[in-house]
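Only one structure is covered here, and it is reproduced in the block below.
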């Protein structure tokens, strides 16, 4: 019993990985371990070996590699020496961050090159077929449909975890949640190729969110590679610090904005950030952005290192004081627009999930939904068609370049003569003006982007929202230029309106409203290369965040809820009632616990009562003094070891030795560990296996041999082994009749094959009734916790702790549950689910509304079934009866109330 318990300790210390479940759009994560439970139940029933019994293969220390004679050993020893030299001269962190920045810069530049080639190919096909409108439409529509379909299919086949942005998942990973196969090599390949095809199709999709995921995968893979040489990267906790730096690198190399990238990654992935990781993010992001722009110069895309969207606003007086109300209006309107975008995106997913018939049909045809969405958007953006009224022929980069133009498009309602006319004229079609084109562009791109981001391909939403905000700001700027055609007059001079500055303000405001970040202002400054409009940008971004945060969660928090990831909502601001809510108002008082002097029956009942990951260990049910906590896996291992088939066979063997005394057994009674049983099979003389009649298979003692006996001798122990092997054998009369029916020729042509009988074949020694009786006896024995690793100091709170302080502690420490004690006595428990639902339901129009104690640790249905033969099987049974814990996963009702 000590070995499984000790092994279960090691297993229990590892966090549970959330499984990814494919859905039509985003997918969801769940901690449902039904498959593992079924495998474990089958193993226990068959008496198979425990998976944790296999000893880990020891790794050769680096000091002993020089004694190896193979070529691989010498190469590895050389690499270890080079690694030690670099570490001693430079440092491990610097090497890691330089490699991470270099790899991400190369990946970003290569992807941008491939995306630009795909977009140019689409424009080339469209221009080449302009003489035939039907062929031009087919080419315009078919090209993105093929790319999106390939991206969706490739991602679903290789790694479904690569779907979507990646920032919501990284936010939960940095909090301590383990997502299965989310940072693997195949997910990296699927993300890179799928994102390249998705952005190359021309759909309104973004790159920033997926690049955070790509950078995190690079950091994880690089950590595994460097851990081969030893050092700090063998420590799993060290990887979290590098993942935080990788998130900054992902944004930095995407927009060549290292400062904004670091700040943005901190805002969207962390509630509390360790300042010791600050320099890592800045160094890696700066190096990555530098290499990214150097590669653009090397490829002759740029003449020198410059901003990604260079602007030329006047620096002496970029704006006047009288324009600040207009900038404030942009911020407030962007706040409402950002909240509406998040609501529309979540509503699309909810509507599709509620339509069960359509959802089931599209789930069977997984590529149909992305193809239909792409077909719809491509049809509406067809340049000779409706796309001419919304600048459909421009890509996102060309759209931003024209929107940030510092020249005025409209003066007194007339379109100015613009140079170059290739891109700017897209905003002034023959039968419309600039205002109508901008309004149609904003409205159409708004719902198109909300719909396109639900496609199951690697994609983000930052860049589409950024473009929509720039268009809205440009609309306000052009309106201001039309209202003040001669500019704004002051005492001494006149200042002309610059619509491009309004576009910069609108882009930062709407992006900040959707993501609930202020760092978008810094990203805009680095993208444009000018900081002239810092005051209007900051005013608009702060106002937009104030409005959006009071209406809707951020886009990333909304996706976290859609995907059923563990999360802890923010308390928000201005809710002073939450300071008066105490832990005693929201805690669960019926805490599942085990006493120090409990029996195995009490352990079984405690496991059936709760799905929690840990159980409280108290001194006695009367005193309820908290001694510590024990992992659920350890309790399961204790119960499984107590009711294991090996113990059952050992008990049966001892009982047989005590009640039966054959001569051979008296001299040397066999033990369960050393007894060897044989199984006899009949084969033809030619070597082909023979299939005798069914009664012949079940002859008890005629074909059994034992060590030290002749093949014809009869030994009682061998007979017992074969009777257990062939349980339910027919009467001896039926066996004798079947023997007489065999011909003598077949008997002569047979030979005997002797093989070892497995332990699982010996379970037939005891009938189901005897097994149940034996288990009832074992369940009444006391539990010995000396072989279990007990946490003597689990996290505890007092009942007077406020809800605000509890939220801060949970966010800062990353804990998922805390016991509530009073002078050492256990009186309740608060989990992540209770805290989340208390925060979401704590404020009403009348004041504080305290939710009743929630049911995450209440009794689950424990109806017994007559078909169960063992108590261990009942423990690991179907999840509807005694499911394994889904700690931290929101309930199904959360998805309905989004």
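Backbone N, Cα and C define each Cβ position, glycine as well.
As recorded in Swiss-Prot:
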| type | residues | note |
| --- | --- | --- |
| DOMAIN | 790-850 | domain 'CBS 2' |
| REGION | 39-52 | region 'Modulates channel gating by both voltage and cell volume' |
| TOPO_DOM | 1-90 | topological domain 'Cytoplasmic' |
| TOPO_DOM | 552-898 | topological domain 'Cytoplasmic' |
| TRANSMEM | 91-124 | transmembrane segment |
| TRANSMEM | 133-158 | transmembrane segment |
| TRANSMEM | 183-201 | transmembrane segment |
| TRANSMEM | 208-226 | transmembrane segment |
| TRANSMEM | 278-298 | transmembrane segment |
| TRANSMEM | 324-352 | transmembrane segment |
| TRANSMEM | 361-380 | transmembrane segment |
| TRANSMEM | 432-452 | transmembrane segment |
| TRANSMEM | 460-483 | transmembrane segment |
| TRANSMEM | 534-551 | transmembrane segment |
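Proximity of distant same-chain residues to the transmembrane segment (278-298), defined by a Cβ-Cβ separation under 8 Å and at least 6 residues beyond the stretch ends, is recorded for 93-94, 97-98, 100-102, 104-106, 108-109, 241-242, 244-249, 251-253, 256-259, 261-262, 265-266, 304-306. The highest tally of CB pairs under 8 A with the transmembrane segment (534-551), across 324-352, 361-380, 432-452, is held by 324-352. For the topological domain 'Cytoplasmic' (1-90), the mean pLDDT of the prediction comes to 56. With pairs at least 6 apart in sequence, the transmembrane segment (183-201) and the transmembrane segment (208-226) have 3 or more Cβ pairs within the 8 Å limit; the two touch.
Segment contact holds for the transmembrane segment (324-352) and the transmembrane segment (432-452), given three or more CB pairs below 8 angstroms at sequence separation of 6 or more. Note on the transmembrane segment (361-380): residues 23-25, 137, 140-141, 144-145, 148-149, 151-153, 156, 201-204, 352, 386-387, 390, 392, 444, 448, 451-452, 454-457 of its chain, located 6 or more positions outside it, place their CB under 8 angstroms from a CB of the stretch. Listed as Cβ neighbours of the transmembrane segment (91-124) (distance under 8 Å, sequence separation of 6 or more from its ends, same chain) are residues 140, 143-144, 147, 192, 195-197, 199-202, 207, 211, 214-215, 218-219, 222-223, 226, 231-233, 242, 245-246, 249-250, 253-254, 280, 283-292, 295-296, 299, 393, 395. Residue counts for the domain 'CBS 2' (790-850) by DSSP state, with H, G and I taken as helix and E and B as strand, are 20 helix, 22 strand, 19 coil.
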